[in-house]
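Worksheet: the structure to be examined is printed underneath.
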Amino acid sequence: MNPNQKIITIGSICMVVGIISLILQIGNIISIWVSHSIQTGNQNHPETCNQSIITYENNTWVNQTYVNISNTNVVAGQDATSVILTGNSSLCPISGWAIYSKDNGIRIGSKGDVFVIREPFISCSHLECRTFFLTQGALLNDKHSNGTVKDRSPYRTLMSCPVGEAPSPYNSRFESVAWSASACHDGMGWLTIGISGPDNGAVAVLKYNGIITDTIKSWRNNILRTQESECACVNGSCFTIMTDGPSNGQASYKILKIEKGKVTKSIELNAPNYHYEECSCYPDTGKVMCVCRDNWHGSNRPWVSFDQNLDYQIGYICSGVFGDNPRPNDGTGSCGPVSSNGANGIKGFSFRYDNGVWIGRTKSTSSRSGFEMIWDPNGWTETDSSFSVRQDIVAITDWSGYSGSFVQHPELTGLDCMRPCFWVELIRGQPKENTIWTSGSSISFCGVNSDTVGWSWPDGAELPFSIDK
């Protein structure tokens, strides 16, 4: 082979090797692209149903211990356009209560980072339900939890997290600086109401979708306060009740109509000899019903019902099945305040069904322990103490606390009625237990017209914690 032939042969071999290498590289790129398409296709494959849920794990390490802080559900393929929650539906017919959520916050907080809280409540939009709560600016099992039995301080804030999750710095959203609060969704945005400041001049700050839209100054300079549960929205307007004045005597009560975070109308109730605090409100057939706490002289609960023009009616639940705590043993009720054991009280709720009423109450008549749901078929208007259904929620040997109502609108559930729900606060720590702190977890239930069961769903944390020893 002469030199020219050698050069041609070597060049041909190099060219063939180069072409083969190029083909292999192109094949590698195609393989990677196909593999990536298959993986992302599996994660985002559209289903035949209306929505798919993609779950992302949010994990952390605490003191070398692996803690699963939360599972965040991202709704995919669902129309997230705004709707107006009309509130025109009636309450769904129900036969009992199915457990909806339990956050186990105190149990998890013995090792994980969980907020010291009280006054939790739940509110739902047309897309999700969230737990709102008042933090103490501290974590469980930490030195700053000391003295958190105090109700009002500059460190308290309203925050929220997905319902059923323990409230932690990793899954919670700041809402407002507040030691008294309310929140609700009108279908277009979240309204939050946070009250903070000194007892003799507190101010309520209203936010709509996180932006300050209005403020309300204390008008009696005596601990302006609000619901500690969700406000109620009807046809784009949201409604709340505020109290200012003595906790053990005649105070002043106002209904406020709020649109996109701005107060558009308010009235002061003409309610002599009535006492309204910490009302639990819900929409029903275009009106709003609120069942409240009488901390002055009633062991039964006062109520106020009003329309969108704030024309209102007032009364007390007549049933001899009393709903407050402390309270006397069940007996003869009254459509006015029942004075026996009427001083002091606890936040609570009831749901009216024509002349009947579902009453939520502690099992104990004197301490904040146990919880049960009672159906009194004529208790809204009659004073006897007979009832037909009792469903156990928390045993009398376990601590309970505040309770309140919330609803799930048809725009969320797909039902043609308003689903009634309630939450129960499970208080732990001071003043009843040997700790340096006060906090709570929560459970919630929703009304169903199918099988349910009575049981006890207590907080379940073993106290004291290491910080208490």
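The backbone N, Cα and C atoms fix where each Cβ goes, and this holds for glycine too.
Going through ASP324, ASP330, ASP376 against Swiss-Prot, the one listed in the Ca(2+) site together with ASP294, GLY298, ASN344 turns out to be ASP324. Partner cysteine of CYS417, as given in Swiss-Prot, is CYS92 (from among CYS49, CYS92, CYS124, disulfide bond).
When the recorded positions ASN88, CYS233, CYS292, CYS335 are screened for a C-alpha within 10 angstroms of the C-alpha of CYS417 (disulfide bond), the residues that qualify, in sequence order, are ASN88. Spacing of CYS124 (disulfide bond) relative to CYS184 (disulfide bond) is 7 Å (Cα to Cα, whole number). For TYR402 (active site, nucleophile) paired with CYS279 (disulfide bond), the C-alpha to C-alpha distance reads 11 Å. Counting only residues at least six positions away in the same chain, the Cβ atoms of GLN227, SER229, GLU230, CYS231, ALA232, PHE239, THR240, ILE241, VAL288, MET289, CYS290, VAL291, SER405 sit under 8 Å from the Cβ of CYS281 (disulfide bond). Of the listed disulfide-bonded residues CYS335, CYS446, the Cβ environment within 10 Å is emptiest of other Cβ atoms at CYS335. Cα of CYS129 (disulfide bond) to Cα of CYS279 (disulfide bond): a distance of 20 Å. Mapped onto three states, the DSSP output places ASN146 (N-linked glycosylation site) in coil. With every protein chain in view, the residue among the disulfide-bonded residues CYS184, CYS318, CYS417 whose Cβ has the most Cβ partners within 10 Å turns out to be CYS184.
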